[in-house]
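First comes the structure, then the notes that go with it.
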Amino acid sequence: MQSWPVPHIDSVPGTPSPLHLYDSADGEVKRLNIKGETATMYVCGITPYDSTHLGHAATYLTFDLIYRQLLDNGYKVNYAQNITDVDDPLFERAERDGVDWRELGTSQINLFRSDMELLSVFPPQHFVGAMEAIDEITEMVQALLDAGAAYVVDDPDYPDVYASIEATKNFGYESNYSREQMETFFAERGGDPERPGKRDPLDALIWRAHREGEPAWESPFGPGRPGWHIECSAIATNRLGSSFDIQGGGSDLKFPHHEFSAAHAEAALGVERMAQSYVHTGMIGLEGTKMSKSLGNLVFVHKLVEAGVDPSAIRLGVFSGHYREDRDWSDEVLHTAQERLERWRAASRNPGTVEEIKEVVHNVRLALAEDLDTQRAIAVLDQWAEQALGAAEASEEASDVLRTAVNSLLGVRL
């Protein structure tokens, strides 16, 4: 599947700072330990049944920042992202709206691409729909069955395939949740704990046997379609290797999705840990309530842009809070971001001396290197802008250095 164009950035003068990120599995901020010249990153993509809202955008903007810091540190980045283009929410929305689910998916994927391009988000090199990956998914299901890590339920009508939570010794290491928490989230987030025939209520579906009216693909274990978690296990490891650097997504994916994606890959491939760092973003709310398709309290990226909002202001609004924290979006947040963008642009015309700007850039780098502290980076630039608007001197070279740094590191165009 085609992604979207790569935004143009230039190299930033000065010395980059090594990136440190909070790892959900280890529960601490730690320096990325990247071996070789290429960093590998997998971020879970959308289920394409509605437009890109700011909750989605905040997640992809976070991993865009990570991508930019990796580039600044001299790494190449091998980035993969899936699209869950065959799943129940897509079927349900298509039925509600009286459209073909494939057409609905295609239209929303196209809109997602457009939104990501507008926001200057670096695209994945591997942008893969579940339907494109059926063969590799069935291979992983078969590997789990062969290893005794999965089983077929005793149901002649619907012989679904499940992965056992006992297949790996370290199940639970990624989320660090208690059994009680797992059971709660599993039931709330697409699990089926009461499915008859399962060995454990937490065992996860990896192949859903064909039901009338649903799409199906042939497999060695009968016609059907893939489960949600194993889709990412297969897509990620087939493109990034059995163990890669960063697995990312929203905090609501920590369990069950990321826990099971890791467990399936580890059991099938015989590795101890699928990702070296599990990075999760906080939820974006509107008036105190998490943005959610089911609740309908959404702010859409394309509608903001159609209303004349500068995409750089959207980025600054999202970055005004720390990526790991749950936070609110509001008209006030957007208004503040728009005013900030205008101040920075005005200040960039008379920014100060080259040496002063290099010090500003150095401090922005330090902030972003420490678990993407965008609030601190913004504060550094706010302080610079205040001084520059006071009595700074004009310097075309300094302006170029500043604009290059802010665009390359933050994706904000001055």
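Placed from the backbone N, Cα and C atoms, the Cβ positions cover glycine too.
Swiss-Prot names C44, G45, I46, T47, T59, N82, I83, T84, G250, S251, D252, I284 as L-cysteinyl-5'-AMP ligands; from the candidate set W217, W228, the record adds W228 to that same site.
One way to see the shell of the Zn(2+) site is to take the Cβ centroid of C44, C232, H257; the remaining same-chain residues with a Cβ within 8 Å of it are N82, W228, H229, E231, G249, L253, H258, S261.
Minimal Cβ crowding within 10 Å, among the binding-site residues I46, I83, C232, I284, is found at I46. Spacing of H257 (Zn(2+) binding site) relative to S251 (L-cysteinyl-5'-AMP binding site) is 10 Å (Cα to Cα, whole number).
Restricting the average to the motif ''ERGGDP' region' (188-193) gives a pLDDT of 96. Comparing I284 (L-cysteinyl-5'-AMP binding site) with C232 (Zn(2+) binding site), their Cα atoms are 24 Å apart once rounded.
Non-local contacts of S251 (L-cysteinyl-5'-AMP binding site) by the CB criterion (under 8 A, 6+ apart in sequence, same chain) comprise H280, T281, G282, M283, R324, D326. Around T59 (L-cysteinyl-5'-AMP binding site), taking its Cβ as the centre, 27 other Cβ atoms fall within 10 Å, counting all chains.
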